[in-house]
Amino acid sequence: RFIAKPCAISLGIQDSGAHRAQPNAILEKVFTSITKSPDAKRLEGLSKQLDWDVRKIQRWFRHRRNQDKPTTLTKFCESMWRFTFYLSIFFYGIRFLWTAPWFWDTRQCWYNYPFQPLTSRLYYYYILELAFYWSLMFSQFTDIKRKDFLIMFVHHLATIGLITFSYMNNMVRVGTLVLCLHDASDFLLEAAKLANYAKYQRVCDAFFMLFGVVFIVTRLGIYPFWILNTTLFESWELIGPYPSWWFFNGLLVTLQVLHIIWSYLIIRTASKALVRGKVSKDDRSDVESSSEEEDGTSNSTKGVLSTSSNGSNRLNGHVAGGQWTGE
């Protein structure tokens, strides 16, 4: 309200919503009580009842759906908040871990386990991360429902489960490594969305490409060969398996499966961006295309990226073609 909004206005982002649908009591009743996307049979019935062309009714429903979507200014402010959090918590984690022995030698995560001290800095690091991911979990049900809702729901559950479970079992050392690693790429995605909302397309594409590289290196390289290696093999060697060990590693492997899915989507979007010269449209877009898809004139090929963030993550919303309409 006091920082992001003035920044958005200074960049020329207006607080104006989508084109409002023409007032119509019958269509409004159908929209609110029956369906927001009527099928062909219902469209024909409405066409006869109102003496309107079917395409005009389709257009009305599209405008009405977009009317409830958040404005670019709102999305800019939300992305700026997430960017600020991800960047701050990442640098806090790096500063904290730089002097931690387990950052340089992962076997230190398991020496003298579970009798390892919980310092105040480590405690606050955990509490901040847990609070933020709980906020993402709750906001997912109030935000526009996206096509990757289920994947993000599983991701938030796994993340909250990992943070809580590792804290309860004092696996906080390896937990801090997981948290810091996941924060490394999220602020880049939010920066790309901010650039898109401000219509700096080249900056947007550059940040997205950098995000893609960092995401793939950290999630498909460092995570399995550094994190999973110590939780699966080094911990087995030093403390041996026990019931909670299986559960903890099950959650970590679940995250790795999600990393593989998202990496595929990022690579697909990036390859289309290289062909077209700009990032392709995100299937998770919460604003429908301005082209008349009902008229059959839309021939654009949609790319996909999912990621809340969120961001964004998390990966919460992501690339859109030329415009990042995703979030």
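Every residue gets a Cβ built from N, Cα and C, even glycine.
According to TrEMBL, the feature domain 'Homeobox' maps to 27-71.
Residues or ranges marked as DNA-binding region by TrEMBL: 29-72.
Look at TrEMBL and you will find 74-275 tagged as domain 'TLC'.
Tertiary proximity for the transmembrane segment (83-103) is limited to same-chain residues at least six positions away from its ends with a CB under 8 Å from its CB atoms, namely 109, 121-122, 125, 128-129, 132, 173-174, 176-177, 179-180, 183-184, 186-187, 190-191, 194, 309, 311. The transmembrane segment annotation in TrEMBL covers 83-103 (among others).
Taken from TrEMBL, the feature transmembrane segment applies to 123-142 (among others).
Sequence annotations record features per position, and here TrEMBL assigns transmembrane segment to 149-168 (among others).
What TrEMBL lists as transmembrane segment is 207-226 (among others).
TrEMBL lists 246-267 (among others) with the feature transmembrane segment.
Under the heading region 'Disordered', TrEMBL lists 282-327.
Residues or ranges marked as compositional bias 'Polar residues' in TrEMBL: 301-315.
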(request) Take every residue in the domain 'Homeobox' (27-71), average their pLDDT values, and give the whole-number result. (result) 82
(request) Pull the DSSP breakdown for the domain 'Homeobox' (27-71) and write it out as helix, strand, coil residue counts. (result) 32 helix, 0 strand, 13 coil
